[in-house]
Amino acid sequence: MILMKDIVRDGDPVLRQVAQKLTFPLSDHYRKLADDMMEYLVNSQDPKIAAKHQLRAGVGLAAPQVGEGVSMAALLVPDDKGEIIFKEVYVNPEIISESVRKTCLSEGEGCLSVDKVIDGYVPRPNKVTVHYWTVDGEEKAIRLKGYPAIVSGHEIDHLNGHLFYDRINKENPFALDEDTIVIY
């Protein structure tokens, strides 16, 4: 079971490296890693389990965040009522198309690997198409909009050595294009 002590923190070099692509079939080690990352997200969104194990809630977790420099990320995205609207483990994902129009979260973004609050909007494409493989080696492409697109972008950024605050406007952290969609 992944706990907060297992989450790599900002400053660790693995978070700034481009993750290595995985080959199929996945080894038992990487299949277990996928299961463990999803288990963390499920547990972190359950108030009783999260309190018992002192887990910070998460909607996505990339392999580099647990010290594994490979291209894999788990996503468990709820809507504003807490219902799960997207659940997947991406292997070797890439965003192959994105909208010009941006979106962002009204509260900004956070990250399990970043312990401090960093104020500012994190503009991301409102719509993305993600090409990836499942843990079982099935090739997929999915079009996402809004919050699932934001979470996908955040996790894929991890796999490319970027953190959310890299996208915040340094001169004016709350500046947005006038057609940016602000959600939640």
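Every residue, even glycine, has its Cβ placed from backbone N, Cα and C.
Since we're looking at a predicted model, the values are computed, not measured.
Pulled from Swiss-Prot:
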type	residues	note
BINDING	CYS111, HIS154, HIS158	Fe cation binding site
ACT_SITE	GLU155	active site
Other than CYS111, HIS154, HIS158, the chain contributes near Fe cation (Cβ within 8 Å of their centroid) the residues GLY60, ALA62, GLN65, GLU109, LEU112, SER113, GLU155, ASP157, LEU163, PHE164
Rounded to a whole number of Å, the separation of the Cα atoms of the residue listed as 'active site' and CYS111 (Fe cation binding site) comes to 10
In the three-state DSSP scheme, CYS111 (Fe cation binding site) belongs to strand
If you count the other CB atoms within 10 A of the CB of the residue listed as 'active site', including all protein chains displayed, you should get 23
Cβ neighbour count (10 Å, all chains) around HIS158 (Fe cation binding site) is 24
A correct count of other C-beta atoms within 10 Å of the C-beta of HIS154 (Fe cation binding site) gives 24
